[in-house]
Amino acid sequence: PKTVSKCYVQVTGMTCASCVANIERNLRREDGIHSILVALMAGKAEVRYNPAVIHPSAIAELIRELGFGATVMENCGEGDGVLELVVRGMTCASCVHKIESTLMKTNGVLYCSVALATNKAHIKYDPEIIGPRDVIQVIKDLGFATSLVKKDRSASHLDHKQEIRQWKRSFVVSLVFCIPVMGLMIYMMVMDSQLADAHAHHNMSIERMEALHSSMALEYQLLPGLSVMNFLSFLLCVPVQMFGGWHFYIQAYKALKHKTANMDVLIVLATSIAFVYSVVILLVAMAEKAKANPVTFFDTPPMLFVFISLGRWLEHVAKGKTSEALARLISLQATEATIVTLGPDNVLLSEEQVDVELVQRGDIVKVIPGGKFPVDGRVIEGHSMVDESLITGEAMPVTKKPGNTVIAGSINQNGSLLISATHVGADTTLSQIVKLVEEAQTSKAPIQQFADKLSGYFVPSIVAVSVVTLFAWIIIGFVDFEIVEKYFLGYNKSISSAEVIIRFAFQASITVLCIACPCSLGLA
């Protein structure tokens, strides 16, 4: 008998099914080539040839002459089928040995390992010689029940619904409390400037007086050193810090536990420092029974949390959109196939329903009107119209007659077809598309990896900068107080200069931390 070898050729430059047909048609004519199978999405041709007549490099050259790029793939193990099975009824190591030794003797099985503890079998086989159904049959003949490991077809790992809900809740909580805080802050600013005007001009209209009274009401001290304004801000700030910032705290804690610093660490640092500093300043003022109300930063945390949780929410919505496309793609795959046995003259002898993973290359699959094609294949018998819009975008149904190729996932419309499976399992066009989209989502662009590396240094350096800012201003202040006076407007003349300096230094350093918070912007 003539020896037949198999090689894989990587083919580039194929754009559609007609390229595939072109390559297959032309190569079949050549001497020494027994069969050729081209997968469009994988860009791969599997050629069976007679090594006495032709070499793989010559085959690649033939494809190149047709105007495509072609290189012979060295690692030809690509074509091995892998099977994961659950085997029930094993009691001891001798059962394991029996299954393994029987399978290894079976022609076409390349590797087999059975684990008693997990009841699982991992088998590699050559799809040319043997298929998954044959392997399962061998194990069944030994007296064990076996079934496929069920794959999760729902693509639930691509679902961002929970994160979307979580960040939306976070955003709404922060927003509800942020608006009054911002309102109070803006109101106070306007009133302060009006007060300054009034002092400058000494003439006050009645409305001005009333407006000032309301601002005085906010400045009114409930307890010595605790104004209504600060008390309200504090009350509004606590829930944001607790509920709005909850996820940030968890993430930051996890990051620090692994000795890394990410954006969450910065946010938590800035908001916590602002919050704690404000609380401490208030307590000090109350202890001193201060007449003047201290300047607090209760407006910082809510505003930061609002912007950042909004950002996170939108980010997850966007991620959810791409993943949704992928989940839809995955859901297009048929789950079962009807395999038929043909007698002479294509007479139907029997048919059985099997899992789509069990369809082997060369099987005859029957597809009824309205059914999905479970695998890529070639029509053997029957005429029909097929809706391939999900793969090709072609809105009109395409006529299929014997000899035409069909794509897994497309929908058969009016006639019953018998097809011979050419690409099964992970080799079907649909599986390849899903794989490409998944890879595109998981792989990072080089610049992105660089940005991730930078962000590792970004956070510590920002913290360092803000500490430097703090000390620099304290030193400047004690050396030359006038500079601080120039920048720190509207401070109360009744407090000591040391306190003014420290407050200003704190304000500057917290500002540095807060500004650096959306570090994605800095990196972008």
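Glycine is no exception: its Cβ is also placed from the backbone N, Cα and C atoms.
Taken from TrEMBL as is:
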| type | residues | note |
| --- | --- | --- |
| DOMAIN | 5-71 | domain 'HMA' |
| DOMAIN | 81-147 | domain 'HMA' |
| TRANSMEM | 171-190 | transmembrane segment |
| TRANSMEM | 222-244 | transmembrane segment |
| TRANSMEM | 265-287 | transmembrane segment |
| TRANSMEM | 457-479 | transmembrane segment |
| TRANSMEM | 500-523 | transmembrane segment |
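The stretch from 171-190, 222-244, 265-287 with the most CB pairs below 8 A to the transmembrane segment (457-479) is 265-287.
Remark: secondary structure over the domain 'HMA' (81-147) totals 23 helix, 24 strand, 20 coil, with classes taken from DSSP.
DSSP assignment over the domain 'HMA' (5-71) gives 22 helix, 24 strand, 21 coil.
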